[in-house]
């Protein structure tokens, strides 16, 4: 393949495309929408970030300013945690609008993450959201298809293809040149997007960027570039294989609809139907059932707690729990918390596994649909994917457990084992203890974990990039010049 | 040529084209799949409801056994469920029912802390959306219409047969109109078939709502026929028609709704949701460390009927406890009202914009008819508030008087059902579609008339 020939073909297509008024208009419209999307994404991020931060600080202050009280009351007062947004989430909204924002963490109980945007949406949200990622994933390929459908078939229709091939231009050079030319038009849009994205990202993270995040951003930029090349290649190949330009256009429109509209929904629905999940009531009932089997601290005749009580009395050689050297209630609650948290975690893990099985259909479908590959990879890189949300829930639950157990330990150590009399002041401990609990800090998934989660999407993107190129060298024999 | 012969010839020509057959087959198969999914959804809802009913009874019996001494303690634990009944039409349009719970299970404690608990769901399923008949009608049928009609005129011109038609019939538009009606017939036959299957598979009752859904589908698809008629009337090439119709489809079903959504969520942000949760938590918990009068005075002002019960100065009292819980709701009342107002504004704005955007109008109206929209959920939350208030006030005297647990007939606390009845507003439902369709069709007709007559 001669680079000079390829670049002449590419440049020629690029120039003539941008001279076309309809193409120029489409490019300007998509460019305008990209600007709009970047601006609203940035605004939305700042608003949400500041609001969540503000409430998180308020909750922290309220926690620290709580007066002296019984530690178990503090365990019920609990903590409110607000899910922070990843600084790249202005670029790709991912599942953000469908996931909750705040979760109430208290003793004995695992609450749901509440107040998702979707819960207060009129149903319009279901039509999709405009983000930079959405435009790059959905609309830019359409533009590329419109640019590329006639790239070879028109040459054939005008009989210029014959001339080109006679002059010694090889099929490989022709297709490579056309693909690069079309990708070049996309770059007119994409280069400014990269610039704006990097700028927004620097501003939003206040110029304090980590090496890991920089790598993520670089990968994001490369992944989209690869996606555009894939789309351009598809357009040129379809154009080369079709008899007429009209035929190529209909085929490409069909491919676009299949890839962007029908398959994503279809594969997800297939997964969801294949792996049903329990209703909330059934899930809770299953947790409670296991709890009753292992030991229910509410049941006065529960054998597990009765055995604990008996062994404690024996070990300390006393005849009543009130004579134990520590607070018995605190000890029992710590035991209850341990058991219920373990059981809950088991069921939750099982549920998450089922969700992952549901999602696996879409993950494997990335090998037949490059849109799903870039969609998943992009969400993961911008911290707006399923794994990031599950990770947040896990960290919140871990914090909840630590909070409850810390309060139980304080109760065991500092609260008298004798219940207060009817006219005594209720037991309490100094508020100085509250600061011992560190504030909740969400640590986002590390790059390595993200790449491991996304190995299928990455493999799919690489395949999509390599396969057509490999195919090019095999199937060009089938192409016809006339 | 006699009309019948012409019709049957055109019909044969249409049905023999590969595009027509694959298009129809694809949409019918997808339609049937969507109905199967709707059927599964309805069954799932039903199962969840009967499970909740069963569960509530077992739950109450067990707790009555464990906490048989103190009414106040027992009612701290007891959950009571209210079910938002699912209309069979929800099988056609799952709407927001997959996001918002159809069962609310509440204790008599502070309600704001319980009201917004979400269901369990896979967010990726929500993001990619359901495949219900609503999706098939709103997204896929317009594509079928586009595929059927984009080259109706241009095909004849490009094939060189148009001049033949003009010379032979003298009324070329009549042929175009005939072919047009043929395609409408095919599309509406497919819709009718799917609706009949829906009635059978989802056991839909024959009522006004079903009629409204059928008319909504018809009006919506007629709008698309009118739009493509307008594009065809411009007499451009097949390629131009295909590109411009697909672009219109993308703009109408993807871009504009997404823009409207982005406008609404930015114009009416909901910080009240978060301030509400912070306020209600603080409103209740801080009262533990305050003088009892701070709690009791506003509580008695809210519920003067309980003034007669004494509150001890120091010893624990359930009256004081539940009054503190009440303060959680009362302190957050302003935020709750602001939140409700904002959501009402969101609804209003959506509806206004939907008037001029048929896909949005079709989706919102369909959700409304199937009772799966935001409005339905908001009414369900209101009804949960009333339900909670009724149960709570019913239980308070027993707690405050320290009646024995056994004195209450606990079996009478059954799961309750809520069903919203909203009258169908026919003009709001159909007029926007009739107007949009009429204008587009009239415009197209004018184009053809204007250019059709001169013997060019």
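Cβ coordinates come from backbone N, Cα and C, glycine included.
Feature annotation (TrEMBL): of B:112-132, B:133-153, B:154-174, B:280-300, the stretch labelled transmembrane segment is B:133-153. Of the listed segments B:79-99, B:184-204, B:310-330, TrEMBL assigns transmembrane segment to B:184-204. The transmembrane segment (B:246-264) makes no contact with the transmembrane segment (B:21-42), as judged by fewer than three Cβ pairs under 8 Å among residues 6 or more apart in sequence.
Simply put, out of B:21-42, B:133-153, B:210-234, B:21-42 has the most Cβ pairs sitting under 8 Å from the transmembrane segment (B:184-204).
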